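Annotated in TrEMBL:
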DOMAIN    1-87  domain 'CTCK'
DISULFID  14-63  disulfide bond
DISULFID  25-79  disulfide bond
DISULFID  29-81  disulfide bond
């Protein structure tokens, strides 16, 4: 699921004047390790809650010296359980 968090954007000595909604993915996805009869070893499948879409957002920032600039952040628009390579020990 996509979740939103309100926070200030800070870059160097610049900060957004208002809190910006930053979206991210959160949720549970199934992972497993099981013995493969074909390969004669235990194989793992790691599934993570991952972003499937993002859109850029230009955020105005006010700097300590009084100037204004913009910083681009990515807002997550969709999430899904995605298979990834499992870490090996």
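Glycine residues also receive a Cβ, built from the backbone N, Cα and C atoms like all the rest.
Automatic, uncurated: that is what TrEMBL annotation is.
Checked against residue 29 (disulfide bond) by C-alpha proximity, the disulfide-bonded residues 14, 63, 79 yield 79 as the nearest. Across the fold, the C-alpha of residue 25 (disulfide bond) and the C-alpha of residue 81 (disulfide bond) stand 10 Å from each other. Residue 79 (disulfide bond) has a Cβ environment of 20 other Cβ atoms inside 10 Å. Shown in sequence order, 27, 29, 30, 47, 48, 49, 50 are the residues of the chain, 6+ apart in sequence, with a C-beta less than 8 angstroms from the C-beta of residue 81 (disulfide bond).
Confidence over the domain 'CTCK' (1-87), given as mean pLDDT on the 0 to 100 scale, stands at 92. For residue 63 (disulfide bond), the same-chain residues lying six or more positions away in sequence with a CB closer than 8 A to its CB are 12, 13, 14, 69. When each of the disulfide-bonded residues 14, 25, 29 is scored by how many other Cβ atoms sit within 10 Å of its Cβ, 29 comes out lowest. When secondary structure is read from DSSP and collapsed to three states, residue 63 (disulfide bond) falls in the strand class.
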